[in-house]
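Read through the structure below, which is laid out as structure tokens, and then see the notes.
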Amino acid sequence: MTTTRISVGGDYDVVIGNGLLQELPGLVGEGVQRVLIVHPRALAATGEAVREDLVAQGFEAYAAEVPDAEEAKTAQVAAFLWGVLGQAGFTRSDAIVSVGGGATTDLAGFVAATWLRGIRVVHVPTTLLGMVDAAVGGKTGINTPEGKNLVGAFHPPAGVLCDLTTLETLPQHDFVAGMAEVVKCGFIADPVILNLVESDLEGARSAQGPHVRELIERAVRVKADVVAADLRESSLREVLNYGHTFGHAVEQVERYAFRHGAAVSIGMVYVAELARLAGKLDDELVERHRSVLGGLGLPTTYRGDRWPQLLDAMKRDKKSRGSMLRFVVLQGLARPARLEGPDPALLQAAYAEVSADVTGRAVSL
Ligand SMILES: NC(=O)c1ccc[n+]([C@@H]2O[C@H](COP(=O)([O-])OP(=O)(O)OC[C@H]3O[C@@H](n4cnc5c(N)ncnc54)[C@H](O)[C@@H]3O)[C@@H](O)[C@H]2O)c1
Ligand SMILES: O=C(O)C(=O)C[C@@H](O)[C@H](O)[C@H](O)COP(=O)(O)O
Ligand SMILES: [Zn+2]
């Protein structure tokens, strides 16, 4: 199959195809001497294969293994990588390559942004979520005990290589979690995505699904267009945060036992209910959130006994201004808007709409 190149504002390309790793040396760049490949435990063999390839191309290449998933996004792991870079003598003309999911690209991007105040980084995302979202757009970051992504920097990559063959080893629940961000792009900007997913829900649950390549390309285009227009999230970029205020709070309350995409799925239903209660969204579109996300096997409800903890976590959302909570809502399909400082009763009423008891049944608060 052909290779697709999607330009992000003319600054770098997201390359999508199969067997693309031969393109990596070109993206790492000619003037680069040393390369650090950052990969999670689950991708030790892939990380080593990439390292050997780069050595064969004449680079001085090192590999650093980091924990899987969210455990990698800590100050301790970032400090470990700074130590590796320091000991190997990385200079401003050297580079980092991330090979992994969004947690790895967020961490490696952050270390690249901070080492010597910024060195080159190339992302090789190996999850659906990494390909369509985390590796694109230059948001990098780590968590602190107080919250998700609280420390970070905007540091766009030199390139993004989405080698679709890497998805073959990704567990299905991780693939489906990535579909939540694809569906997000459908709701905020490109309804064709929703039509494609709804036309074959089972196909959209697997990397081999007939529409998956088109879904990936469409989601990357949505993200690329938004970040090209507003890299630093002064306004427009906030739309990519649809479902994330409540979603990040769920991740935090669950101590990251939920995958990001699963939490964002619940967060989108929450914020759709909030928009409905605020008189901005009709019942039909709220129900479409439940049917498409639920149809993919993503969660659309959350336990009903965590309101104080969720509210506390939501207050630390980056979209908040002072003590005012701000949400990205929809006022129609692909018509994002902001809801600022909603009445606390409305916030809790929306929580009641997504609440379930431990058996998964909806409950009233
Ligand atoms: N920077 C951004 O713009 C942005 C956007 C969306 C999400 N994110 C972040 O991305 C993270 C979630 O990323 P994710 O969903 O990719 O999860 P992840 O990075 O936690 O990866 C999920 C699991 O899959 C493993 N894995 C990765 N690729 C694999 C493969 N090909 N085969 C087998 N196992 C593989 C990982 O080691 C991990 O255990 C969150 O931290 C979220 O905050 C960032
Ligand atoms: O790229 C963005 O901007 C996003 O908001 C994309 C989100 O999917 C992503 O999860 C992002 O990491 C959230 O960032 P945060 O600023 O809410 O921490
Ligand atoms: Zn996200």
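Note that Cβ sites are derived from N, Cα and C of the backbone, with glycine treated the same way.
Listed in TrEMBL:
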| type | residues | note |
| --- | --- | --- |
| BINDING | 68-73, 102-106, 126-127, K139, K148, 166-169 | NAD(+) binding site |
| BINDING | E181, H244, H260 | Zn(2+) binding site |
| DOMAIN | 65-175 | domain '3-dehydroquinate synthase N-terminal' |
| DOMAIN | 178-320 | domain '3-dehydroquinate synthase C-terminal' |
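If you take the Cα of E71 (NAD(+) binding site) and the Cα of H244 (Zn(2+) binding site), they are about 19 angstrom apart, rounded to a whole number. Sitting within 8 Å of the Cβ centre of E181, H244, H260, and not among those site residues for Zn(2+), are the Cβ atoms of L129, D133, A180, K184, G243, G247, G261, A263, V264, G267.
With respect to their backbone Cα atoms, T127 (NAD(+) binding site) and E181 (Zn(2+) binding site) stand 12 Å from each other. In this structure the alpha carbons, written CA, of D68 (NAD(+) binding site) and H260 (Zn(2+) binding site) are 13 Å apart. Checked against ligand 3, the binding-site residues G102, T105, T127, T166, T169 give no residue with a Cβ less than 6 Å away from one of its atoms.
Residues from the binding-site residues list (D68, E71, G102, T105, T166, H244) with a C-beta closer than 6 Å to any atom of ligand 2: H244. Reduced to three states, the DSSP call for T166 (NAD(+) binding site) is helix. The least crowded of the binding-site residues T166, T169, judged by other CB atoms within 10 A of its own CB, is T169. Under 6 Å, Cβ to nearest atom of ligand 1: this is the test, and of the binding-site residues E71, T105, T166, H244 it is passed by T166. Burial estimate for the binding-site residues (D68, E71, E181): highest at E181, by number of other CB atoms within 10 Å. The DSSP breakdown of the domain '3-dehydroquinate synthase C-terminal' (178-320) into helical (H, G, I), extended (E, B) and coil residues amounts to 96 helix, 2 strand, 45 coil.
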